[in-house]
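Asker: I have a structure I would like to understand better, so I am pasting it below and will then ask my questions one at a time.
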């Protein structure tokens, strides 16, 4: 990323960089579809009323206005339009609106751009792509989906050209039950303080708990002890029990988190860990919460977060509990490109350039190209019969590996040869049969190993 | 499309409808990449100054403002942000900004949403997807690309589940040279009047030409005679010549259009026709212009338009001439869905549901699912060990064709059977080997033949 975005916070990629992003997007889509998630998209805009539905928006939101329209002072503010700042709130609206047409539990993936008017910084853009998976039930949703979603995301992230990662999992019931058990009743307040742990450190959080929430030093200490527990297996259960707190909700949370970590240990060892410091700022989570860091890139922040929400979407008495995770695709791609963690093998899809011997042979060259394309070989035809050296240079500058030459034999029949311009080897070839080596068929994205 | 969008002009699709849209998008991408076009995306926003660069905007534009920011009266209007209303203007900016990093002629495709605050109506949304291809040169661009782009689009459209189509091609040089040749010097004015031909009819256009542009009745008649010429082959050349007008620019335009139609006749007979009434409103076209109608759906308007622009992008003295075409994907998809021209064979990607005999077998069922997924078979695992009838119903409601059952033989080894729930046939199967029939592997989109 030698170039700077011409508009701060709105990154744009060169064609060879876009190939890396496309690879990430294609890989995620493929993994999600293999696990039976359906694609949906929602509109880029929501009404401000809809965005405010879950209380104050803690994200910077872009409002919309029509340049050519006089202001319509009669339109209430809540009906005005704004760009969505995540894909969860729009999805909740979509589920409620289309409940009659969906089969529950409904599994969907959604890969779209979102916008936040925040100050751009490393890993944080104003326009960025999120890739979300959620499962939403009608009235109830088995806990098993909380386990499954961690496994799907571990598989999806493992398929990307990124460094090793850890999905850190906690459970709101566990935390809230524990706080209640030690006599701290403003559990949301405690969670907000604990959420600052990584930023301000344990001493400061202990102060906050005592000064703002009236905790005793012992209560603050116990809350911080809980937050200090982090295990790769289910041994966190014994560690929590050793703190000697008894509470029904705590037990429920322990059992749930144990299910997630226990199954993940078996299927994706080391990738999914229990981390009882994870709080997640947003209020709508009610059980499992997830965050994900890249090992060695922890300061980048979470690249995949989410959780269980039992009451995000509701229609009258009917509720739609769900669990979901969201990957910050742009944050990942910025890091991959910025630190050259992966690169494309060439910058264009083209595998073959059909050269022109003379300007009249363009149509004939299109016949050759059509034959190659019919077997999935991306092919361009030269636009002008320049010297062959110039036509080969056209291919070379783009990384197109093969140049095709058509001539005439003595008896007037067409002859075909294809040149690998990397090795210089040129061999006779039949446009109806020839195939490039599999690794040259399309650009490949590979980790560069500099991570 | 039984449902109405909850926000007029902002369509959203159900999962099975989205599969049709995805099929259209995938087909276009594949065709463009087979022809060597590189993918790029540009940011959704441009500065208002950038959008106004080519003169007044004749589209309704959505401006952006940050809800949480106090208004900054110091920021000049032209630096304020707005959503892009097409992909051509942003592409021109991208080319100028990144010229040093691109290999020219640069072939790119771009598939993104755009926004226009116009009154929503049949075939016209406020948020919609465009799929563009362009080739841009540095200083010069051979005319052959004008021919090639018509052929690529004919191939792309032929691969979609849509009714037959006609790409109508004209040439600004031909029209302007002709008008000049008959003594009408305000050629842009004549083009604007001719552009209204389909809306208001020839009598009204003749009036306009005489009243607004001072044409004589003979001049108006000649202009209308030219606009009446429409041929499937290159016979338009003789028809134009028969009108007895002589002009150098006219000859140049005739020769160019003859190249397009001549080659298209050979390669895609009947798909690309000469239609000398095509004007295209936008001012930046300088040669070839294209419009496309679906046969039997002409009132839907053009579904694929574009042309040659010699001066859209420039950097100092350096100009980047280009030629491009843009498909109105949302307009096409709205028509496909609204008239049920095509449908998906099922509404989820899932091919197999692995049933649970008891709740403890979930992890084992995940092993079966992982084995199937490793061969590209989209698989879900039941979340609860409900009665088999209920698990089969889960699959049936979504159109999942196969349900997998795992049991134990007398000696304790696992046994596997797979049931095709459409036929009821159930057979032993090996999770490491079994494949569904090719047509069941993924949802297929097919034309329903009701068109």
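For all residues, glycine too, the Cβ spot is worked out from N, Cα and C.
Reproduced below are the annotations present in TrEMBL:
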- A:86, A:87, A:88, A:116, A:130, A:134, A:280, A:284, A:285: L-histidine binding site (BINDING)
- A:105-349: domain 'Aminoacyl-transfer RNA synthetases class-II family profile' (DOMAIN)
- A:426-451: region 'Disordered' (REGION)
Asker: If you pair up every Cα among A:86, A:87, A:88, A:116, A:130, A:134, A:280, A:284, A:285, the residues annotated as binding L-histidine, what's the maximum separation in angstrom, rounded to an integer?
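Answerer: Between the outermost Cα atoms of A:86, A:87, A:88, A:116, A:130, A:134, A:280, A:284, A:285, the distance is 22 Å.
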Asker: According to DSSP, folded down to helix, strand and coil, what is residue A:86 (L-histidine binding site)?
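Answerer: Where residue A:86 (L-histidine binding site) sits, the three-state DSSP reduction gives coil.
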Asker: Report, as numbers and ranges, every residue of the chain located at least six residues beyond the region 'Disordered' (A:426-451) whose Cβ falls under 8 Å of a Cβ in that stretch; write 'none' if there are none.
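Answerer: Result: 19-20, 23, 161, 163, 296, 339-349, 351-352, 367-368, 371-372, 375-378, 401-402, 404-405, 415-420.
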Asker: Between A:88, A:130, which of the binding-site residues has the fewest other CB atoms within 10 angstroms in the structure shown?
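Answerer: Lowest Cβ count within 10 Å among the binding-site residues (A:88, A:130) is A:130.
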Asker: What does the DSSP secondary structure composition of the region 'Disordered' (A:426-451) look like, as residue counts for helix, strand and coil?
Answerer: 3 helix, 6 strand, 17 coil
Asker: Under DSSP, is residue A:280 (L-histidine binding site) part of a helix or a strand, or is it coil?
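Answerer: Its secondary structure by DSSP: coil.
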Asker: Inside 10 Å of the Cβ of residue A:280 (L-histidine binding site), count up the other Cβ atoms and send me the figure.
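Answerer: If we count other Cβ atoms within 10 Å of residue A:280 (L-histidine binding site), we arrive at 19.
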Asker: In sequence order, what residues of the same chain, 6+ apart, have a Cβ less than 8 Å from the Cβ of residue A:285 (L-histidine binding site)?
Answerer: A:172, A:307, A:308, A:309
Asker: So how many other Cβ atoms are close to residue A:86 (L-histidine binding site), meaning within 10 Å of its Cβ?
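Answerer: The answer is 17.
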Asker: For the domain 'Aminoacyl-transfer RNA synthetases class-II family profile' (A:105-349), report the average pLDDT of the model, please.
Answerer: 95
